[in-house]
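Marked as N-linked glycosylation site by Swiss-Prot: Asn16, Asn192. Residues or ranges marked as topological domain 'Extracellular' by Swiss-Prot on the basis of a curator's inference: 1-45, 107-115, 178-208, 336-348. Per Swiss-Prot, the feature topological domain 'Cytoplasmic' maps to 67-85, 137-156, 230-314, 370-432; the stated evidence is a curator's inference. As annotated by Swiss-Prot, transmembrane segment applies to 46-66, 86-106, 116-136, 157-177, 209-229, 315-335, 349-369, with the evidence given as sequence analysis.
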Amino acid sequence: MCFSPVLEINMQSESNVTVRDDIDDIDTNMYQPLSYPLSFQVSLTGFLMLEIVLGLGSNLTVLVLYCMKSNLINSVSNIITMNLHVLDVIICVGCIPLTIVILLLSLESNTALICCFHEACVSFASVSTAINVFAITLDRYDISVKPANRILTMGRAVMLMTSIWIFSFFSFLIPFIEVNFFSLQSGNTWANKTLLCVSTSEYYTELGMYYHLLVQIPIFFFTVIVMLITYTKILQALNIRIGTRFSTGQKKKARKKKTISLATHETTDMSQSSGGRNVVFGVRTSVSVIIALRRAVKRHRERRERQKRVFKMSLLIISTFLLCWTPISVLNTTILCLGPSDLLVKLRLCFLVMAYGTTIFHPLLYAFTRQKFQKVLKSKMKKRVVSIVEADPMPNNAVIHNSWIDPKRNKKVTYEDSEIREKCLVPQVVTD
């Protein structure tokens, strides 16, 4: 009986200890340490959300307009460009949201599977973007240098796009193969491995864990080299054509000047003998030659403007691709040489946000700058504005002055009785 109060005290102390342990566990679960600083998370998440909205909206607009106009889908160039826009939509829907999830995860959560999926998406985006840009570069070269004998026919373009998607899917699977995700004997051993995610565990420095970086780096540099060589050849081809045509045009001008002088001499000689008919003939020939010279000058100016436009677009395409994807490619090379660390992983996320910016630039560079696409977009906007104006009539018979709507269209002509009588009496007066 004397041990009963001691037992009660021990039971109370043990219950107090267990309650405190439970409270401590709840506190640690509620306040888990974040993998990144709050300002870092907010800024990068804001940029990524902006890229999702702008990239998804612009690429879907381009795809809808391409599908609505059948004449835009018939060409090989537009099909290859549509393939790039489909890829950008996939990146905006799948890859960028997963990067946001990686940013907002805590350190103590089990992020192995999510990190593996994220690395697979990054590998897919990097490889497929580089290959699609490479295909568009070859198509531009084929159009500019060999317009008569094109290498990329419709069948070859379909085969090229099929191979692009197969290789992109293989690049998506490489991070899973690195961690033995598909092997039956591994069990849950892959779950302890982290692929370039900030965590409490150490990074794996084995080369077999970073084969996906070894695939991304050479494809990027190969695409850059091909772009530089191809666009320089395109510009050289345009210069040669303009120069040769311009020189032949000058020769034609000199010949035409000689013919003008000969024609004037002939007209002066013949005018002394045969009078006014030869003078009229000489004037007609001189006028036709002047018109031909004006047309030649106009064509030369149009070629010069086209050359400047192609040169500017080539610089923009190359510079945007280099600006967006060079930092992350160089950082991947640094990770392969020095090994991963928290600082390098954070920098890699920043550079990945820059790389995702191509989803916004691709529609601006490859779709909205084309004249056919601009015509289709303007026509759709005009029809939309006209339908809105006609569907919502203004009260009190208000008149809407719109430059896109012909004011003379659907205009009813009304005459008063006096005007009708005057118009009916006018022919009778004339006949009388």
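Glycine is treated like the rest: Cβ placed from N, Cα and C.
Fair warning: this is a prediction, and the values are worked out from it, not measured in the lab.
Counting C-beta pairs under 8 angstroms (sequence separation of 6 or more), the transmembrane segment (349-369) reaches the transmembrane segment (86-106) with 3 or more such pairs.
Of the Cβ pairs linking the transmembrane segment (315-335) with the transmembrane segment (116-136) and spaced 6 or more residues apart, 3 or more are under 8 Å, so the two regions touch. By the count of Cβ pairs under 8 Å, the stretch nearest in packing to the transmembrane segment (209-229) among 86-106, 116-136, 157-177 is 116-136. Note on the transmembrane segment (116-136): residues 80-81, 83-84, 87, 91, 94-95, 98-99, 101-102, 160-161, 164-165, 167-169, 171-176, 179, 181, 190, 195-197, 212, 215-216, 219-220, 222-223, 226-227, 321, 325, 328-329, 352, 355-356, 358, 366 of its chain, located 6 or more positions outside it, place their CB under 8 angstroms from a CB of the stretch.
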